[in-house]
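Worksheet for the structure shown next.
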Amino acid sequence: MLPCQALLPAVVFALAALQALASDTFIAAVYEQAVILPDPTGQPVSPSHALALMNKNMDVLEGAIEEAAQQGAHIIVTPEDGIYGWRFTRESIYPYLEDIPDPVVNWIPCTDPSRFGPAPVQERLSCMARNNSIYVVANIGDKKPCDSSDPACPGDGRYQYNTDVVFDTQGKLVARYHKYNLFRGETQFNYPKEPEAVTFETPFGKFGIFTCFDILFYEPAVVLVSKMQVDTVLFPTAWMNVLPFLTAIEFHSAWAMGMGVNLLSANTHNTSMAMTGDGLFTPEGPATYHYDSATEEGRLLLAELSAQPRLSPTYPPAINWSLYARSIKKFPGENDTFSGAVRKDIFTFSELRHKDGNYTVCQGDLCCHLVYQMSNKSEDEVYVLGAFDGLHGSVIKYHWQICTLLKCPSTDLSTCGQPVEMAQTKFEMFSLSGTFGTSYVFPEVLYSGVQLAPGEFEVLSDGRLKSKHGTSKPLVTATLFGRLYEKDQPHPLRISP
């Protein structure tokens with residue numbers, strides 16, 4: 001009993017000190033990196049050759065981390081694939097992987113680099129964090145041996161994971177996350193056997209972490225926010241922009257608003273693969289963002305964010321996403337519809353034939369409603385109201401419900417749904433709503449030239465996405481992007497052979 005009593009004052013003091021250090025805000029940074037790529041080869045290179053490439057990329061990251069720390073950042077997120085790039089087979093990526101232990105081991109690689117075998121990448125990242133007194137978030141590869149007693153063990157006797165790591169200001173490993181939802185080209189990696197909900201506490205809020213494609217799925221993305229109640233999500237990504245709904249900046253900003261958390265999104269930069277777009281996104285909209293499809297340069301972004309956004313006086317109220325749409329009858333007007341493809345998804349569209357009007361378009365269980373008024377309708381531009389209710393995807397299929405006010409690339413209606421970046425038409429007002437079957441809906445507004453519209457639209461508590469005072473720039477799309485997670489097909493690990 002005496003040892004416990006003796007420890008009590010120390011514990012109380014430590015908690016009090018942590019509380020005193022706690023801050024209402026923090027400065028966050030993300031870095032969009034032009035990654036130096038390996039030469040494409042199906043054969044493994046030597047470990048020294050692999051480390052030489054990784055050190056080149058870490059030289060770049062170190063410069064960004066030092067600059068962020070000098071500007072007062074408490075944490076910096078770097079991109080997925082930022083240390084070794086891509087173009088790998090399962091065999092050729094192996095020399096780039098390290099054994100990453102569970103953070104419970106209480107390890108500072110910078111001061112004890114050989115504790116778990118060779119770990120030069122973890123050592124260097126740890127030292128970057130320690131030397132600059134900043135949390136460092138990076139994406140690397142983990143390797144774990146397995147044997148024949150494990151029926152899922154790959155033939156080469158090891159698991160390989162796409163992995164995020166977090167080092168604190170002392171350089172200690174405080175978080176490790178294995179990507180659960182692999183994109184179709186990531187055949188060099190394995191799925192972890194179970195989805196991981198990784199969180200950690202800091203003096204400036206509770207953080208969660210996942211990677212790129214994970215953001216579209218219930219596990220881990222929704223679990224972290226709805227069940228684990230994180231304040232901020234760390235998001236390394238290698239996001240290939242897909243207009244009209246899935247450019248990095250529009251969807252990531254919309255996701256932060258729809259989920260009511262901060263999202264620190266760090267993207268790789270490679271224009272040949274349409275990779276660009278990062279930002280610091282909040283429940284109120286983007287604090288700052290960057291999109292550049294013209295150059296091959298990286299970009300560091302910083303912003304001051306609320307440490308606990310749910311406690312902020314400006315935190316958005318709860319939204320019933322279908323309340324308004326279900327309260328009205330079908331709008332009158334010209335509602336002739338036609339089908340059009342957004343990639344492989346077949347939407348139901350209706351052309352907006354006048355400068356103002358009321359429209360309704362339905363597909364499946366979803367009806368989308370639009371009231372609008374254009375301020376300078378360009379004669380050679382066509383806009384449509386569209387609805388989609390169905391499964392999307394190839395390897396993993398997931399259920400979308402989408403209502404969209406969308407510009408078509410030309411006056412030929414068969415082009416509606418194809419990518420378009422530029423527009424000339426502004427709107428004096430628009431109000432978009434839908435009969436969504438989910439509470440997870442993400443509001444997007446994208447202006448001409450792939451620009452966001454911070455502060456220029458709002459979502460009312462009854463589910464209407466409305467412009468506040470018209471659009472200051474020509475509009476490409478205004479979209480409500482719903483995710484009906486319960487209708488998703490099972491994760492590949494959940495499908496019986």
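Glycine residues also receive a Cβ, built from the backbone N, Cα and C atoms like all the rest.
Per TrEMBL, signal peptide is recorded for 1-22.
Across the domain 'CN hydrolase' (37-307), the model assigns an average pLDDT of 97. Here TrEMBL flags 37-307 as domain 'CN hydrolase'.
According to TrEMBL, the active site, proton acceptor annotation covers E80.
In sequence order, Y161, N162, T163, D164, E186, F189, P192, F210, T211, C212, F213, D214 constitute the residues six or more apart from K179 (active site, proton donor) in its chain with CB-CB distances below 8 Å. Per TrEMBL, active site, proton donor is recorded for K179.
According to TrEMBL, the feature active site, nucleophile maps to C212. There are 27 other CB atoms within 10 A of the CB of C212 (active site, nucleophile), with all protein chains counted.
Around E80 (active site, proton acceptor), the same-chain residues six or more apart in sequence whose CB sits under 8 Å from its CB are N139, N162, T211, C212, P236, T237, A238, T268, listed in sequence order.
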